[in-house]
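Colleague: From Swiss-Prot, here are the annotated features:
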type     : residues                                                                                                : note
BINDING  : Gly11, Ala12, Gly13, Gly14, Arg15, Met16, Glu36, Gly100, Thr101, Thr102, Ala124, Ala125, Asn126, Tyr127 : NAD(+) binding site
BINDING  : Arg37                                                                                                   : NADP(+) binding site
ACT_SITE : His157                                                                                                  : active site, proton donor/acceptor
BINDING  : His158, Gly167, Thr168                                                                                  : (S)-2,3,4,5-tetrahydrodipicolinate binding site
ACT_SITE : Lys161                                                                                                  : active site, proton donor
Amino acid sequence: MSAAPRIGILGAGGRMGRTLIQAVQQAGYQLAAAVERPESSLVGTDAGELAGIGSVGVKVSGSLADVLKDCDVIIDFTAPAATAQHLKLCREAGVAMVIGTTGMSDEQKAELDEAATHTPVVYAANYSVGVNVSIKLLELAAKVFGDTVDIEVIEAHHRHKVDAPSGTALMMGEAIADTLGRNLKEVAVYGREGHTGPRDRQTIGFETIRGGDIVGEHTVMFIGEGERVEVTHKATNRMNFAAGAVRAAAWVVGREARKYDMKDVLGLNDVQV
């Protein structure tokens, strides 16, 4: 698409929503809409003032349906139930979506897959360029080490995060499991307590830390005899996630209807490991 994409932000009043508004402005794209819950006291507020960048002439709306016609693409970092409703509206209108909502159920993910047969959808647990490059490195490490190491995923986030493990940790685990020909649902071990017995090398362990204002940290350990390799990504602010999501929004407009991920956006699927 040659013209600057018209981008709508859902959950505009949240921390991520405000950062997304800033990212749209920094990228030079058009903020076409900002949406909050209809009962929110922020409805009617200038979206730019809300995000701390000054007036942009876009008022926060309490209804996605009312502003959808003004948008080429919607960015949604809200909650699973809300995202499911937004998908239905965007599917009917043929408006592209970029979804960063985590904690979705298998049923909700199936609904997303179905909607993506009607309108293009980018879905990723993490839109950071660094995280997605890290995942490519994890695939390489898993391919080289194979079954000769124990694998542990450790993630840390702020005290307000409600889902665990993080979507990014699971995304990393899935990438490793797929590379090794394992089913993550069968081999994942979430935390350990009591007499657990010897470790099964086929398993992939997950540990979760919640506290303070940690934006997001992920470390994957490939632990062998006499050595270990660690791949770590640390986010110090939310702008890297927001900038990646805005990049995905500009990329997906005009694409054929299907589900994409950040590896598609960044061209990482073309990089062989």
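Note that Cβ sites are derived from N, Cα and C of the backbone, with glycine treated the same way.
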Colleague: What are the non-local neighbours of Glu36 (NAD(+) binding site), defined as same-chain residues 6+ apart in sequence with CB under 8 A from its CB?
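Modeller: Counting only residues 6 or more apart in sequence, the Cβ neighbours of Glu36 (NAD(+) binding site) under 8 Å are Gly11, Ala12, Gly13, Gly17, Leu42, Val43, Val60, Ser61, Gly62.
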Colleague: For Arg37, His157, listed as recorded positions, tell me which one has the smallest number of other Cβ atoms within 10 Å.
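Modeller: It is Arg37 that, of the recorded positions Arg37, His157, has the fewest other Cβ atoms within 10 Å.
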Colleague: Please identify, among the recorded positions Arg37, His157, His158, Gly167, Thr168, the one with the smallest Cα-Cα distance to Thr101 (NAD(+) binding site).
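Modeller: That would be Gly167, nearest by Cα distance.
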Colleague: Can you tell me which binding-site residues out of Arg15, Ala124, Asn126 are within 10 A of Gly167 ((S)-2,3,4,5-tetrahydrodipicolinate binding site) by Cα, answering none if there aren't any?
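Modeller: Ala124, Asn126, listed in sequence order.
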Colleague: Could you tell me which three-state DSSP class Thr168 ((S)-2,3,4,5-tetrahydrodipicolinate binding site) falls into?
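Modeller: Going by the DSSP assignment, Thr168 ((S)-2,3,4,5-tetrahydrodipicolinate binding site) falls within a helical segment, counted as helix.
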Colleague: Tell me the Cα distance separating the residue listed as 'NADP(+) binding site' from Thr168 ((S)-2,3,4,5-tetrahydrodipicolinate binding site), rounded to the nearest angstrom.
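Modeller: Each residue's Cα considered, Thr168 ((S)-2,3,4,5-tetrahydrodipicolinate binding site) and the residue listed as 'NADP(+) binding site' end up 26 Å apart.
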Colleague: Among all the protein chains here, how many other CB atoms are within 10 A of the CB of Thr101 (NAD(+) binding site)?
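Modeller: The answer is 24 other Cβ atoms.
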Colleague: Look at the binding-site residues Gly11, Gly13, Gly167 and tell me which residue has the greatest number of other C-beta atoms within 10 angstroms of its C-beta.
Modeller: Gly11
Colleague: Just jot down the residues in the same chain as Ala124 (NAD(+) binding site), at least 6 apart in sequence, with C-beta under 8 A of its C-beta; none if empty.
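Modeller: Set apart from Ala124 (NAD(+) binding site) by at least 6 residues yet with Cβ under 8 Å, we have Ile99, Gly100, Asn132, Met171, Ala248, Asp261, Met262.
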Colleague: Quick check: of the binding-site residues listed here (Arg15, Arg37, Asn126), which one has the Cα closest to that of His158 ((S)-2,3,4,5-tetrahydrodipicolinate binding site)?
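Modeller: Closest by Cα distance to His158 ((S)-2,3,4,5-tetrahydrodipicolinate binding site) among the binding-site residues Arg15, Arg37, Asn126: Arg15.
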Colleague: If you measure every Cα to Cα distance among Gly11, Ala12, Gly13, Gly14, Arg15, Met16, Glu36, Gly100, Thr101, Thr102, Ala124, Ala125, Asn126, Tyr127, the residues said to bind NAD(+), what is the biggest one in Å?
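Modeller: That value is 22 Å for the farthest Cα pair.
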Colleague: List the Cα distance (Å, whole number) between the residue listed as 'active site, proton donor' and Arg15 (NAD(+) binding site).
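Modeller: The residue listed as 'active site, proton donor' and Arg15 (NAD(+) binding site) have their Cα atoms 12 Å apart.
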